[in-house]
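Quick look at what Swiss-Prot annotates:
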| type | residues | note |
| --- | --- | --- |
| BINDING | 23, 25, 46, 49 | Zn(2+) 1 binding site |
| BINDING | 73, 76, 91, 94 | Zn(2+) 2 binding site |
| ZN_FING | 16-96 | zinc finger |
């Protein structure tokens with residue numbers, strides 16, 4: 001399933017359960033982040049959604065591309081770079097809290113984690 005974001009034509013893929021990028025795997029109130037695969041460069045609700053829907057594994061966003069947004073806030077649909085995302089516990093645009101447990105999966109999403 002794919003959902004176009006409100007602020008751009010960027011699609012978010014995955015086993016989505018709502019229009020704020022929550023998915024079958026992660027669906028708490030704070031699970032509103034979609035992340036970009038370093039291989040196909042598409043945004044997915046989580047690495048598990050990606051891997052279940054593709055023939056290639058989710059690869060982390062390369063450090064050389066950290067200046068390019070690779071995170072979408074599902075609440076407001078704005079994009080963030082790795083550093084913008086890592087530097088806060090909530091969206092800098094809409095103030096929606098991010099799930100602090102996502103840090104446990106950082107290695108799946110960002111090359112240097």
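Heads up, the Cβ atoms here are built off N, Cα and C, so glycines get one too.
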Margin query: Using a Cβ cut-off under 8 Å and a sequence separation of 6 or more, which residues in the same chain sit near residue 91 (Zn(2+) 2 binding site)?
Written below: 32, 73, 75, 76, 78, 80, 98
Margin query: Just to verify a number: CA distance, residue 25 (Zn(2+) 1 binding site) to residue 94 (Zn(2+) 2 binding site), in angstrom, no decimals.
Written below: 24
Item checked: Integer Cα-Cα distance in angstrom, residue 94 (Zn(2+) 2 binding site) to residue 46 (Zn(2+) 1 binding site) -> 21
Next item on the list: Compute the centroid of the Cβ atoms of 23, 25, 46, 49, then list the same-chain residues not in that set whose Cβ lies within 8 Å of it, in sequence order, for the Zn(2+) 1 site.
Entry: 14, 15, 24, 26, 44, 45, 47, 48, 50
Notebook entry, point to check: Minimum Cβ neighbour count within 10 Å among the binding-site residues 23, 46, 49, 76, 94: which residue?
Noted result: 94
Notebook entry, point to check: Over all shown protein chains, what is the count of other CB atoms within 10 A of the CB belonging to residue 73 (Zn(2+) 2 binding site)?
Noted result: 25
Next item on the list: Enumerate the residues of the same chain, 73, 76, 91, 94 excluded, that satisfy the criterion Cβ within 8 A of the mean position of the Cβ atoms of the recorded Zn(2+) 2 site; list them in sequence order.
Entry: 32, 74, 75, 77, 78, 92, 93, 95, 96
Checklist line | Other C-beta atoms that fall within 10 angstroms of the C-beta of residue 25 (Zn(2+) 1 binding site) | finding: 15
Next item on the list: Express the predicted model's confidence over the zinc finger (16-96) as a mean pLDDT, rounded to an integer.
Entry: 96
Note to self: According to DSSP, collapsed to three classes, what secondary structure does residue 73 (Zn(2+) 2 binding site) have?
What the structure shows: strand
Margin query: According to DSSP, does residue 23 (Zn(2+) 1 binding site) sit in a helix, a strand, or coil?
Written below: strand
